[in-house]
Amino acid sequence: MNKELVLVVDFGGQYNQLIARRVRENRVYCEIVPYTTSIEDIKEKAPKGIIFTGGPNSVYGENAPRVQKELFDLGIPVLGICYGDQLMAHSLEGEVTSPEKREYGKTDVNLDNSSLLFKDMKEKDQCWMSHTDYISKVPKGFKIIATTDECPCAAMENAEKKLYGVQFHPEVEHTLFGKKMLKNFLFNVCNLKGDWSMSSFAEQQIKAIKEKVGDKKVICALSGGVDSSVAAVIVHKAIGKQLTCIFVDHGLLRKDEGDQVEKIFKDQFDMNLIRVNAQDRFLGKLKGVSDPERKRKIIGEEFIRVFEEEAKKLGDISFLVQGTIYPDIVESGTNTSATIKSHHNVGGLPEDMEFKLIEPLRELFKDEVRAVGEELGIPHKLVWRQPFPGPGLAIRVLGEVTEEKLAITREADAIFREEIAKAGLEEKIWQYFACLPNIQSVGVMGDERTYCHTIALRAVTSSDAMTSDWARIPYEVLDKVSRRIVNEVKEVNRIVYDVTSKPPATIEWE
C-alpha cells in the first residue's frame, strides 16, 4: 500500500514535533526533514503536501535557513507557519518587515472564511502569535486572508498554486481553530484521504523488514520496556526464529524486572532469548563517573560491546534491532536544534559498531508505539508499562552509581509504583518513578538524629514525552508513599516531589 505523505520541513522551531503529531492525528503519514533537503529528494519522496515549520531566525539573517525557489513550482501544496510563512513571502519577492515591537501570546484574529484554509470557521477567533518580523507586502498572485490588530498579514494565500502561509501557530492548543485549519489544509487543499493507521504501519514495517533482512540473522536489544518490546515483536512477526533477543541485565533495572522480562518473552512470545548477567561489568565501567553524559555514553557503548560478544557466539549476525522512537531522535539534536541530551539509542552508539541497524519505530511517538503494540496483540499490561530509559537506574541515581545507591532507589521506586497502582492511577499518569539526588539531610527518627538520603518522586502527564506537566497526585497517596519509604528504606529520611513541567525540565533528572 502506497501511503500518502506530507513533509514537515524543519527550520528549527520548537513545535516541529507537535506539527507532525497534528498531521498524524488525521491519519495522514508525515516525515520531518531538514530544510537542506534537495529538490531531487523531495521529488523522489513525492509528497502530497509540504509544511514549513517556524524557527528562531529572521529571513534577513546572514545564516538564515533557505529553500530553493523551485520548490514553489512543483505543484505541491505548501503551508508555511511563522518563519515558514515569512520565508515563502521573501522567496517569492514579497516584503518582510521588522516592527518596533513583537507580537506574542493569545491574539484575536480576523479570518477570511471564503478561503479553503479557513472553510467553515468563524470570522473572528483566537490564535497564538510568537514573532517579531511580519509580512508587509505579499508576493504577486497572493492575497491576505487573515489580520490582527498588530499584524496586517496574519495569513496569505495563492489559491491557484495552493501556496498558503500563516503567521500564527495552528499546531498549539491556544490557536482555537488550529486543528480544524490543519485539517482543511490536508483534506481541502491537498485532497488527502487520511487512510494511514497503526495496522497499515505494522504491515508495511513487517514487509520492509522481511525484504531488508532476507535470510540473515538478527539480534534485538531487548530491555523489556514498551519500545524495545514492540520493536522485537514486529521483527519477530517478520522473520521468526531468525531473530534472537539479547536481554542485558546490567544491574540497573527496577525491582524484579529481569525475571519478569525473561518470563514474558520466553513463555508468551516463544522468542529466542539470551539473558546476559553483566552487572559487575557495567558497575565497574561506571565507577567514579558522575557526569550524566559520560554515564549514558559508557552504558551505550557497553551495551553494544556485549551484543558483539554474544553475536560472535551465535555466528554470522548482520542486524541489530533497537527501539528508537521519534522523541529520541529529536532530543539528540538535529541540524536546526541544539542537543538536549544524548539518547542511549542514538548518541551512545560507538562509531565502529559492527551491525546494521533496524529501527522499526523511529518514526513513531510513544502513544503510536502503544497503538502498534495493541495491534500486534501484545498484552495490555506490557503495552502500558512505564517508560524506562535504556541507561536504567544509572540516570536516576545522580552522581556516581554504586550498588548501595541502586538498592535504595530500587526499593523506593517499587513502593511508589505499588501505591500508584493501588490508587488506580497507573494509566492516568504517563511516567512516575523515584530517583536519588546526591543529597543527604538531617532528620530525627525515634530519639536519634539521622543524616540520610533524600528521595525525589517524579510523576508527569503527557501523550508523547515531547512536553509534559507534573501530575497532581492526591495528597493522601503521596503521604502514604512518603511514610512507607522512610519506614521501609532505612537509608532514607526525606521525600520531595518534583513539581516542574517539561519544558523547562526534562522528564528524567539526568
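Heads up, residue numbers simply count up from 1 along the chain you see.
From the backbone N, Cα and C atoms, a Cβ is placed for every residue, glycine too.
Here's what Swiss-Prot has on this protein:
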ACT_SITE  C82  active site, nucleophile
ACT_SITE  H169  active site
ACT_SITE  E171  active site
BINDING   S223, G224, G225, V226, D227, S228, S229  ATP binding site
DOMAIN    5-195  domain 'Glutamine amidotransferase type-1'
DOMAIN    196-385  domain 'GMPS ATP-PPase'
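Features per Swiss-Prot, on structure.
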residue: C82; record: active site, nucleophile; Cβ within 10 Å: 26
residue: H169; record: active site; Cβ within 10 Å: 24
residue: E171; record: active site; Cβ within 10 Å: 26
residue: S223; record: ATP binding site; Cβ within 10 Å: 25
residue: G224; record: ATP binding site; Cβ within 10 Å: 22
residue: G225; record: ATP binding site; Cβ within 10 Å: 20
residue: V226; record: ATP binding site; Cβ within 10 Å: 24
residue: D227; record: ATP binding site; Cβ within 10 Å: 25
residue: S228; record: ATP binding site; Cβ within 10 Å: 24
residue: S229; record: ATP binding site; Cβ within 10 Å: 27
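Residue pair G224 (ATP binding site) / E171 (active site) shows a Cα separation of 33 Å. Among the recorded positions H169, G225, S228, the ones whose Cα is located within 10 Å of the Cα of C82 (active site, nucleophile) are H169. When pLDDT values are averaged over the domain 'GMPS ATP-PPase' (196-385), the model yields 84.
Same-chain residues that are not part of S223, G224, G225, V226, D227, S228, S229 yet have a Cβ within 8 Å of the Cβ center of the ATP site turn out to be L222, V230, A231, A232, G323, R385, F388. In this structure, the C-alpha atom of E171 (active site) lies 30 angstrom from that of S228 (ATP binding site). Mapped onto three states, the DSSP output places E171 (active site) in coil. For the pair formed by S229 (ATP binding site) and H169 (active site), distance between Cα atoms is given as 36 Å, rounded to the nearest Å.
Of the recorded residues, G225 (ATP binding site) and H169 (active site) place their C-alpha atoms 34 Å from one another.
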